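J.: Have a look at this one before I ask anything.
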Amino acid sequence: MSVAGPERITLAMTGASGAQYGLRLLDCLVREDREVHFLISKAAQLVMATETDVSLPAKPQAMQAFLTEYTGATDGQIRVYGKEDWMAPVASGSGAPSAMVVVPCSTGTLSAIATGACNNLIERAADVALKERRQLILVPREAPYSSIHLEHMLKLSNLGVTILPASPGFYHQPQTVDDLVDFVVARILNCLNIPQDMLPRWGEQHLNSGDE
């Protein structure tokens, strides 16, 4: 039986604030039995150590072992690549997964993707997604946005990229920071067509209450 949504996904984390979004998405993808090709910038590792209690090992192999244990993934379910590992599957249209999410996405990474830069593996993987017309979701976390940021978002949106700002809603009456994180991650999963039960869809509470 086929599963909903992509079975293989590239997940990249860059240096914007919001490391919790990337970690939570990784956990959800593992629980949904997806194969995750994981990329992370040095800046993202520094932000993660600042914002969470997670401190990742520097080397890809050690990081892969750490994340496998951290999420409870099966062996090989999470694959970690260095920033200049040009032999990684994500660097080629013939081997890359059918979907990629950059969360959080720094405005520097957004700019690089919009201009076709390929200075590291994250940028190359996004470039592959664009040229192959595969699903690409960018989750920027910045405030305020400059005109340059907005122009880059518009350009990428016109190319079919999903721009999903890390802007949680409040209609589900969040009680904790985790609830706010889950709102954004649930929207990412919805875009990927991967089942999630973290966030009720708009109107579900009204229907369940039986009100006319």
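Glycine residues also receive a Cβ, built from the backbone N, Cα and C atoms like all the rest.
Unlike curated entries, TrEMBL annotations are predicted automatically.
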J.: Among R79, R133, R134, R141, which residue does TrEMBL annotate as binding FMN together with G15, A16, S17, S41, S106, T107, G108, T109, C118?
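T.: Answer per TrEMBL: R141.
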J.: Looking at the domain 'Flavoprotein' (8-190) alone, can you tell me the average pLDDT?
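T.: Its mean pLDDT is 97.
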J.: Provide, as an integer number of angstrom, the distance between the C-alpha atoms of G15 (FMN binding site) and R187 (dimethylallyl phosphate binding site).
T.: 21
